[in-house]
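S.K.: Have a look at this one.
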């Protein structure tokens, strides 16, 4: 039996032998198309080639493209697990011709692949063509020898493909496999076409027209070919299955899920196993391609998929995280074809574990609430949109998760009500924002750009320039003039000032002009991409529209910012080399006094790893190698090994910054990144690099803080001063501070143990002599002062043993707070409840409740001064 890996290799090898370039799958996040959530077909990475905006060094290509359909226009999430052929993740095999061959050769290749390479019987195949595409019908007859009755003309738009409202378009031809009369269903175009007998396996798109304004269409000068064949569907046919989930790759994941959960893969939880198998693939590949769970955009779609799988794990009785345990099974199945999966395995595993652990408590509470609400519904009633929104807003339940849970009970959600609740929340948020005054000012920047255009940036080559004031904004509105004392936003026709973007803070400096004009600039922002807004205060003179001015950037501050920005590039590459290529930038700040760099990394970065990274960056600084910048197309940059931020939209030309001597074959520099910021001339200009902190930002994201140059020297000097001061206090040499502190800590530990032992003996000694009676019951009530709260329970148990029968109430006032423990001997728990007594004590010290068992409970409160009142409250409660 041909495995999925065999099928993929056979397909690609055939087209490689026939003059096609084998192109790697693009990442699931489109490199240069923020309008598309995820790559959902093989042609996405070639979109600009088809439209003529990009040229490649080949005119024929073949790929096995990773695809995700979840969220947005193409969303299969709700159906996954319940049907034989819906997936959030799938692979699309395809061959492409960019103005090279057309219909005849495309049909020839397709027929050769399905009948010769894969050995499908010709009598089991039929095709569809667009109703007017006589050429395709004729070619299928002559090349494949198909009779007329197995060439079906389709009049619907299903067999005519368009890239958009305008642009390349053309008829399609689809190849179908016939499973035979024992399977229900009719041929395409028939009333029973949705049955499983006839399955589409390959779609050939003949791009031969250019769609213009409505009603206009012209022939393309260079017709092209775009084809797509789902690997999972083809595998089902070749492996003799009617269900994609029974094919080798997905079945292996289902079996792994069954082994981990102890649930029969084909039993009552069959659907849940299928959901877990599919969602494991989509979540893992998305994370391997740089997407991490969050509450917005692509990250939120990823989180929705994860949480749907987590609910199905819950349905199978899993009380511990499941998905992360299945990652090795996925890597075994698909790691050979997709190396990025292997490289990101630790990131995927840890992120899944963290997400599952954190969502578990919310899932339990949310499902309990959902169960309560459903219990209030009558037969056939839908769940209100307000309740569904509360589940979303409070417990993190995406709407589709709630719908999925109700679907199993034959119920639905009032989606319109949910949407209304969501709209109302957004309306309130907008109202709060617009009330701040920011909204009113945003419109000004659109008006400025429409009226006078953007600003030309000169800051890569100079820090000083002549310019003209083209717009002034004061108090949120356009103005013609700005006198001395005015807080003003100045827009110039050109500027050397860098506007805050890409993590680099904006420049500061001075604008001067005729008649004593002097404006102190405290910040520079970039609006709408190319409107540079200089924020400052008119110190003297009168600023006017059309006025010629001289602008000068604060050189010392800019130099410090440049050093920090260049250091982040070296840091990024050093982290990837030390921790793995799963490390990707998730955010940054490059300021004059520090840098902050957020990266995808599932676990804390160890002190040893940080030391290695810091040393490597400093070695690169000492190289004093030149920092080079070049302009090229995004595709050229990526081909050279430049790192780009997935999901960012880049123009036709990008700025590529490279630095450091190369250490990797085929890569011309140590670090190569797409970057629009300002940088040092040589790595030596950074001076010194020092990591100051490492912490968590969110699940799967770590933050590194560091300083460079003079800021690093200042910090080292401060650390040295503190070390000398500490050594002086300890009366040892600086080199002996660590040994002396360790010795003191050990001495303290021994003294604390001795003190606790003395307090324990003091508290329990002579218990019988210090016992009072309340209603004929013995009570040992004591204020123990600074005794550690953690000691109270053990002391209460010891005193209770001495009493044999009675109640113990102990209060500690350590650390300025009251801690209370109440114990009741077993023979009295039918008369006195320790929880009730401790809650009375808690109220006296300003606490809110308390908890425990009938024989032992504890509580606390902020008012340590009322410790004796707490003991009296216990007496009163016993006497009541």
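Quick reminder: no glycine exception, Cβ is built from N, Cα and C everywhere.
This is the feature table in Swiss-Prot:
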| type | residues | note |
| --- | --- | --- |
| BINDING | 565, 569, 675, 679 | Zn(2+) binding site |
S.K.: Whose Cβ lies within 8 Å of the mean position of the Cβ atoms of 565, 569, 675, 679, the Zn(2+) site, other than those residues?
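M.R.: Apart from the listed residues, the neighbours are 562, 566, 568, 590, 627, 657, 659, 673, 677, 678.
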S.K.: Can you give me the same-chain residues 6 or more apart in sequence from residue 565 (Zn(2+) binding site) with a CB-CB distance under 8 Å?
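M.R.: Residues satisfying the criterion: 503, 504, 590, 595, 675, 677, 678, 679.
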S.K.: Please name the residue among the binding-site residues 569, 679 whose C-beta has the most neighbouring C-beta atoms within 10 angstroms.
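M.R.: Buried the deepest by this measure is 569.
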S.K.: Under DSSP, is residue 675 (Zn(2+) binding site) helix, strand or coil?
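M.R.: For residue 675 (Zn(2+) binding site) - judged by DSSP and reduced to three states - the answer is coil.
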S.K.: Relative to the Cβ position of residue 675 (Zn(2+) binding site), how many further Cβ atoms are located within 10 Å?
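M.R.: For residue 675 (Zn(2+) binding site), the count of other Cβ atoms within 10 Å is 25.
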